[in-house]
Amino acid sequence: MTSYIWICTISYTCVVHKILVGLFYVFLCSQSGIYTFPYPLQPPPFPAQYNPADLSHVSVPQEELDIRPKVSSLLSRLVNYTNITQGAKEHEEAESTGMSHMKSPNMGTLMGVYLPCLQNIFGVILFLRLTWIVGTAGIVQSFFIVLMCCSCTMLTAISMSAIATNGVVPAGGAYFMISRSLGAEFGGAVGICFYLGTTFAAAMYILGAIEIFLVSYVLSHEWNSSALAILNNMRVYGTICLSLMAVVVFVGVKYVNKLASLFLACVIISIISIYAGAIKSIFQPPNFSICMLGNRTLVRDQFDVCSKVVLDGNVTVPSQLWKNFCSSGNISSPQCDDYFNQNNVTEIQGIPGLASGIIRDNMWGDYLEKGQILEKAGLPSVNVHGAVESIGLYVSADIATSFTLLVGIFFPSATVTYSIIPCGSNRSGDLKDAQKSIPIGTILAITTTTLVYFSSVVLFGACIEGTVLRDKFGDAVSKNLVVGTLSWPSPWVIVIGSFFSTVGAGLQSLTGAPRLLQAIAKDNIIPFLRVFGHGKANGEPTWALLLTGLIAELGILIASLDMVAPILSMFFLMCYLFVNLACAVQTLLRTPNWRPRFKYYHWALSFLGMSMCLALMFISSWYYAIVAMCIAGMIYKYIEYQGAEKEWGDGIRGLSLSAARYALLRLEHGPPHTKNWRPQVLVLLKLDEDLHVKYPRLLTFVSQLKAGKGLTIVGSVIQGQGITRHLSAIKNMMEIERVKGFCQVVVASKVREGIAHLIQSCGLGGMKHNTVVMGWPYGWRQSEDPRAWKTFINTVRCTTAAHLALMVPKNVSFYPSNHERFTEGTIDVWWIVHDGGMLMLLPFLLKQHKVWRKCKMRIFTVAQMDDNSIQMKKDLAMFLYQLRIEAEVEVVEMHDSDISAYTYERTLMMEQRSQMLRQMRLSSAEREREVVEHEAEKIQMTWTKEKYEADRRNRNNAPENFRELISLKPDQSNVRRMHTAVKLNEVIVNKSHDARLVLLNMPGPPRNTDGDENYMEFLEVLTEGLERVLLVRGGGREVITIYS
């Protein structure tokens, strides 16, 4: 019957597929006009061997099919798609059986997510520390601790469920979620922290297993040594256990997976035995008596009978307890400890039972200092000091306790270390419906464990004596695990079950941590971790396992579960914090790709979870929290500056876009205030024939002027047709010169049109350029092509019309590089006309850069005959003082003088050259027209009288044109302009010939375009003899102010 259903399903799928392909084929044919369908509709003449899935004969080019595949091919790839690397289990099975294909997913929510989650949540803290936490904090505060930790985990699980169901989550789990949601920097930083937490988790589980091993009956005599010997025992046995586990993981993870069921069974049986023991204690409490001296708790394995004397036949003799406290064995003349002499020895029940009412005594906490003896309130006691030598006979606190310490120790027991990551995300390849199983299984597992923890807190407080609860290592109950004393039928159930559960959790940590590190290394976001992306031929992370073992050994050397647990809490809390942040950011941004199948989430829950994570970090240990944040911060900055750039469509980029949009809309309200004005620069670069930057020092100058502040747009125009993108050369040069900004290339038929487009359209909203930087057209005098200087003048006119400032660095190749330093020299400003303060502001901005920092600033201004130069100097000095600019002030007087012969000759040469070039361009155009006509004559074989007369007239005009050049007289207005330029240049060269940089006002071009060439000559004369010149033209607004 099943085979028949499959056959019918496949047949139906094939029929539907053929119908869809046929309809698609008909649509293409009707659109391309290959076939026409008269009414009534006739079938098209298909080829004899027509295949409906073959569209090669339809009018769809093959290259079109390459970039836009057929619907059937697309659907086939989507069905078979998986971006999850083949897991370790599949690798081992393929290696041992020779299989080349992966197993089909067949695991449901129960076996695939829920039970593995339970295995990894229940562990060392439940069996070794929860009773101690209840006894120390009391039932009420313990309830609050469990509530905080489990609420944080539940909120994180909700956020994780939303992220995990928003697509396929490959190997890496939480690292993958965070990095793809918040970017490579956050993902790498939190991924490394989470890796360290997972590695220290292995150390914590191993230390828990060794503690069970040493506290139990097997090696109880080793636990009676000094504190240093106990620590050394933990280190030795822990190192041996770590080595054995690492070998097991290296040899084959399939053995770990096979033992997982055994470990899970141990956990479940242990928890059931606790509940069974609690129920049994109602009717028949277990017999675990505690020996008390006064109100102090005694270490039970130091003596056999809880009494000062015993009867040996009919003779009363001292007991072993007496001998421990007394130096003399004679009862009649004892030399005993004062506290022993004045207090009686009593015996109380360690497990009164669920119906005893002990819950009232355990409701509130009893925090202890290190070395403080465990005492029971209500027992009679004479408060005298005993001998120091007797301290070891009492049960005392090994560490100082506080609420914050207990939170840090308990939190790892609430972490879904592997339920969220491997059990959820990394197991998705083994699940029938991963996006359904992961949220349901994880949330149900957290709910189950939360209920177990709440009930355990109540049962422990209601069944066990408070002094026994506060006895961390079971000294009062003969080295039994405290939770084991409550279990039924025997404490050995808890001993064996907790040992195997901690070993299993340690193996899972050693299995998962190297794969997490391998996933980070394969993403190549941290260069020095690349080696850990490699492994065995089957993909096993050998090098990552070695590093994990070394880091776990550091945790083993700490040799204290109570000190390792807060470290785990920090790293896991940081990971959870960023999982919640990722979900909140994605939800608030409402990105189109954010479509999780899990609908029961909200950004407010994510923010609440994030806040709880941050609060728990500082509640647990503020200094550990700061260290963890510093580690994450350093990794973040390292990835930002040295790591590979990744574009994963992360939420931080979307957040940046939203913030940029908001800021741009705010900037639209009006132009910036004068106090906030800074040059937002559009740099016009010229590319050579090979599309390389022709004058890279232009970018150098801009980087020194901007120092990474404000807006910088680097634009270029390529002459041609169509659309092209030649951004790589400009971007590379921007990176070399460390220019932070944007790049834009425009393709235009004419360069001047492209430049006009750039000036008008660059920028967005309020983030538009207010200054244009362009190079000087070198060699314009020698070039017969006037387009170079005409484009330059046209750009000057465009910037003036757009009310933009203009800067033209002349001789830019002599400008300093970013590696040079001027240790002395001056920046000279020649302030001829007021331009809004640009000439004052630019030197100040340049001096912020290390290249120009040690240069002094000098300001020169020109006084005419009717000006009071002394008063001008005082006024200028006061103006600079109010502007808070330090500069030397000098007023230069320029007297009216007769126009020199040099000026007259220079003007005459300028106009003669202009006239000659004009005639040369005219004759050149006629020659080109003549060539065209000559080519046409070869075809038409005709000659007209008009052409003959024109040719003769041109030949006769040549001598006449030369005579006009000889007899040319210069225009008087040009002579006056040239006179001004020559005299001003003489003064500037005289005063500033040694200056590092000279800034001066750039005069505007003439309104009449006939004088454009003369304008270029005036600028050449004005800047002649100066090494570095910056021509500055204001944008028509004030850019500097004296007000604060």
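In case you wondered, yes, glycine gets a Cβ from its N, Cα and C as well.
Per TrEMBL, the feature domain 'Amino acid permease/ SLC12A' maps to 113-283 (among others).
The feature domain 'Amino acid permease/ SLC12A' is assigned by TrEMBL to 406-682 (among others).
Sequence annotations record features per position, and here TrEMBL assigns domain 'SLC12A transporter C-terminal' to 696-808 (among others). Sorting the domain 'SLC12A transporter C-terminal' (696-808) by DSSP state (H, G, I as helix; E, B as strand; all else coil) yields 45 helix, 25 strand, 43 coil.
Residues annotated as domain 'SLC12A transporter C-terminal' in TrEMBL: 821-1044 (among others).
Sequence annotations record features per position, and here TrEMBL assigns transmembrane segment to 6-28 (among others).
Per TrEMBL, the feature transmembrane segment maps to 186-214 (among others).
Sequence annotations record features per position, and here TrEMBL assigns transmembrane segment to 234-253 (among others). Packing against the transmembrane segment (234-253) from elsewhere in the chain are residues 88-89, 91-92, 202-203, 206-207, 209-211, 213-214, 503, 506-507, 510-511, 514, 540, 542, 545, 549, 552-553, 556-557, 559-560: each is 6 or more residues past its ends and has a CB under 8 Å from a CB in it.
Counting residues 6+ beyond its ends, the transmembrane segment (260-279) has Cβ neighbours under 8 Å at 115-116, 118-119, 122-123, 126-127, 286, 354, 452, 455-456, 459, 462-463, 483, 486-489, 493-494, 496-498, 500-501, 503-505, 508 in the same chain. Annotation source TrEMBL lists transmembrane segment at 260-279 (among others).
The transmembrane segment annotation in TrEMBL covers 399-421 (among others).
What TrEMBL records for 442-469 (among others) is transmembrane segment. Counting only same-chain residues 6+ beyond the ends of the transmembrane segment (442-469), those with a CB under 8 A from a CB of the stretch are 109, 113-114, 117-118, 121-122, 126, 130-132, 134-136, 138-139, 142-143, 146, 150, 153-154, 157-158, 160-161, 271, 274-275, 277-278, 281, 285, 288, 290, 292, 297, 348-354, 356, 358-359, 361-363, 366, 374-376, 395, 413-414, 416, 419-420, 423-424, 476-477, 482-483, 485-486.
Same-chain residues lying 6 or more positions outside the transmembrane segment (489-507) and placing a CB less than 8 Å from one of its CB atoms are 119-120, 122-124, 127-128, 201-202, 205-206, 208-209, 212-213, 216-217, 241, 245, 248-249, 256, 259-260, 262-264, 266-267, 269-270, 273-274, 276, 480-481, 483. What TrEMBL lists as transmembrane segment is 489-507 (among others).
The transmembrane segment annotation in TrEMBL covers 543-561 (among others).
When Cβ-Cβ distances below 8 Å are used as the criterion, the transmembrane segment (567-589) is approached by residues 152-153, 155-156, 158-160, 162-163, 166, 174, 177-178, 181-182, 186, 190, 193-194, 196-198, 200-201, 204, 407-409, 411-412, 415, 417, 420, 555, 601-603, 606-607, 609-610, 613-614, 616-617, 620-621, 624-625, 627-629, 632, 651-652, 654-655, 658 of the same chain, each at least six residues removed from its ends. Under the heading transmembrane segment, TrEMBL lists 567-589 (among others).
Under the heading transmembrane segment, TrEMBL lists 601-625 (among others).
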Kindly state the mean pLDDT of the domain 'SLC12A transporter C-terminal' (821-1044) in the predicted structure.
72
Grab the same-chain neighbours of the transmembrane segment (186-214) for me: Cβ-Cβ under 8 Å, and only residues 6 or more beyond its ends, written as numbers and ranges.
123-124, 127-128, 172, 174-176, 178-180, 220, 222-223, 230, 233-234, 237-238, 241-242, 245, 412, 417, 473, 481, 495, 498-499, 502-503, 505-506, 509-510, 512-513, 516-517, 519-520, 523, 525-526, 548, 551-556, 558-561, 564-565, 567-568, 570-572, 574-575, 578, 628, 631-633, 635-636, 639, 643, 650, 652
